Ligand code: GLA
Ligand code: ZN
């Protein structure tokens with residue numbers, strides 16, 4: 001547990017005193033105290049200030065600030081500042097500058113602007129991390145390391161160093177050029193490579209182009225997929241080098257870097273293995289579904305097997321980088337903060353503590369607004385939350401969310417699905433996963449978002465939406481899980497390819513065919529305006545007689561699976577649309593198309609109920625979210641009312657509501673609009 005050194009939900013955020021005159025520092029500290037702030041993330045973008053030239057390091061301001069914060073009881077989340085290189089470095093060593101997708105060499109500017117394979121960048125980034133660790137290793141304010149910032153936050157690099165590194169990466173992965181040729185199916189379009197030097201990066205100058213719907217299109221999925229793996233690994237390597245550098249001096253200080261939820265470019269399952277604690281930045285739009293934010297929290301919690309995570313950043317009020325930056329309405333910041341805690345966060349932190357006056361983030365909200373004093377709505381709300389978190393103390397720390405349902409999520413599968421040329425550009429992996437998540441969320445059923453490597457033995461139901469890519473060992477693992485009594489659901493366009501995007505011949509869904517007891521002969525893509533119908537043929541499964549479906553329709557044949565529904569229209573009317581195969585003690589479902597959401601919200605809760613998976617609270621009004629965290633046998637029930645209006649909730653059990661201290665008598669009670677209960681249940 002990271003909070004041991006300061007045993008409460010840490011409260012604070014990014015603080016950039018290096019961008020301010022010293023006169024305001026004491027005023028900041030005065031207000032931090034009023035807001036109950038006890039952690040400050042320092043030094044995120046101060047590389048150029050700390051290292052004015054190649055040989056000079058000057059940490060004067062940081063020394064002073066660390067001491068000041070410590071004197072006020074505030075701990076420090078210390079960033080290594082390597083997410084934006086100094087201008088002098090770019091001028092002197094142009095290899096730190098990236099080459100973009102179209103081959104243009106960048107000049108100095110922006111941030112997340114370094115080539116991850118630049119020897120200069122790596123050398124100086126590691127040196128900076130080392131200097132900081134050496135200097136502050138015994139500083140009592142140091143709580144945690146924050147390496148870099150939002151890795152991958154800008155474009156990719158396509159420079160010669162990256163190209164050479166890609167070839168090395170391939171040698172490591174494949175050993176021989178023959179194996180590369182096989183994996184990429186290079187017989188196609190005359191691509192056979194005879195020399196490692198033949199291989200170039202896939203970019204706008206070679207295999208790729210920007211297509212519709214925000215997609216990157218490619219001629220060669222195998223090459224592009226390996227490039228994405230390589231690029232995620234390149235940035236991860238930078239992280240690991242800095243991680244190692246700080247660990248040398250501070251082996252006991254935890255290390256993190258701030259992730260971004262379903263951020264496509266980085267395979268976070270791989271990254272999390274090298275992080276002591278997961279932290280992430282939560283920036284929903286005002287109209288982002290609450291279930292989507294919930295899914296992101298659960299995805300981040302799942303990266304390290306359900307261990308608590310840090311909410312590293314959120315805005316107290318508004319953002320600046322969306323087209324329309326609405327204010328968080330009164331009560332929303334508090335509510336969404338507790339949503340994070342309800343799903344496993346052990347810190348609540350903001351970007352940022354004081355609003356900047358220049359450049360592109362001056363219209364980004366902060367605890368201390370431009371007016372500079374504490375008499376603002378945002379400050380009052382921040383201070384209220386700070387006081388509440390103080391009161392909660394260590395009660396919730398390190399408590400766990402327990403789910404009986406898992407949704408499998410896989411980055412490489414995501415990449416492969418969305419670089420597929422055909423059958424449709426409409427298929428968005430995260431949206432498809434969210435449809436399943438949302439149906440369970442609405443039913444109040446807890447879900448873990450897990451990797452394909454996860455141990456499934458604790459789950460009653462595992463859902464793998466669009467498991468297009470089946471990685472080695474996954475099919476047999478799923479077979480074992482189902483044979484032992486588990487229930488499994490997968491969908492259309494699954495079991496098609498291996499890790500290299502090569503089709504598994506012999507009938508889709510390839511390696512999953514035996515488990516599912518079906519085979520798919522063809523896949524129809526529907527226009528956005530077209531629909532088919534899922535007509536339920538087994539009236540015992542308790543669904544309405546029919547539902548709409550669209551996007552993709554697999555034309556499947558049963559080879560032993562029971563048919564529960566068929567298509568209603570077109571030349572494949574009457575062919576199976578939903579099947580279930582008994583396999584050992586369990587069963588495996590195949591949903592051959594993308595259904596309307598009503599189908600999932602009717603079907604999934606029913607499946608869960610049949611397996612004894614109940615919602616945490618029965619009959620909860622729409623817009624009320626319920627979760628449970630458990631520690632040492634003590635249960636903490638979170639009830640969050642996302643509605644503006646009050647909601648009547650039947651708690652069922654008695655407990656103590658921790659924010660108000662009042663005893664809840666089990667019966668019906670009214671929860672105000674946008675309000676929260678955290679009920680410690682009496683057992
Ligand atoms: C990101 C960054 C911060 C800041 C915020 C603004 O999360 O990490 O530095 O730019 O966005 O929303
Ligand atoms: Zn590069």
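We number each residue from 1, going along the chain as drawn.
For all residues, glycine too, the Cβ spot is worked out from N, Cα and C.
Among the features that TrEMBL reports, domain 'Glycoside hydrolase family 42 N-terminal' is placed at 14-391.
Marked as substrate binding site by TrEMBL: 111, 149, 321. Look at residue 321 (substrate binding site): DSSP puts it in coil. The Cβ of residue 321 (substrate binding site) lies under 8 Å from the Cβ of 360, 364, each on the same chain and at least six residues away in sequence.
The Zn(2+) binding site annotation in TrEMBL covers 115, 157, 159, 162. Cβ environment of residue 115 (Zn(2+) binding site): 95, 96, 97, 98, 99, 121, 157, 159, 161, 162 lie under 8 Å away, each six or more residues apart in the same chain. DSSP classifies residue 115 (Zn(2+) binding site) as coil under the three-state reduction.
Packing around residue 150 (active site, proton donor) is summarised by its Cβ count: 20 other Cβ atoms lie within 10 angstroms of its Cβ, all protein chains included. Under the three-state DSSP scheme, residue 150 (active site, proton donor) falls in the coil class. What TrEMBL lists as active site, proton donor is 150.
Annotation comment: TrEMBL describes 403-613 as domain 'Beta-galactosidase trimerisation'.
Taken from TrEMBL, the feature domain 'Beta-galactosidase C-terminal' covers 623-680. Secondary structure of the domain 'Beta-galactosidase C-terminal' (623-680) per DSSP (helix as H, G, I; strand as E, B; remaining residues coil): 0 helix, 36 strand, 22 coil.
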Please list the binding-site residues from 157, 159, 321 whose Cβ falls under 6 Å of any atom in ligand 2.
157, 159
Note the mean pLDDT of the domain 'Glycoside hydrolase family 42 N-terminal' (14-391), expressed as a whole number.
98
Going through the recorded positions 111, 150, 162 in sequence order, which have a CB under 6 Å from an atom of ligand 1?
150
For residue 150 (active site, proton donor) and residue 111 (substrate binding site), determine the Cα separation and express it in whole Å.
10
What is the one among the binding-site residues 157, 162 whose Cβ has the most other Cβ atoms less than or equal to 10 Å away?
157
Around the C-beta of residue 111 (substrate binding site), how many further C-beta atoms are within 10 angstroms, looking at every protein chain?
14
In the same chain, which residues outside the set 111, 149, 321 have their CB within 8 A of the centroid of the CB atoms that define the substrate site?
83, 112, 150, 153, 154
Starting from the Zn(2+) site formed by 115, 157, 159, 162, give every other residue of that chain whose CB sits within 8 Å of the mean position of their CB atoms, in sequence order.
98, 99, 116, 117, 118, 156, 158, 160, 161, 163
When you measure from the Cβ of residue 149 (substrate binding site), which residues in the chain that are at least 6 apart have a Cβ under 8 Å away?
44, 45, 79, 83, 111, 112, 257, 258
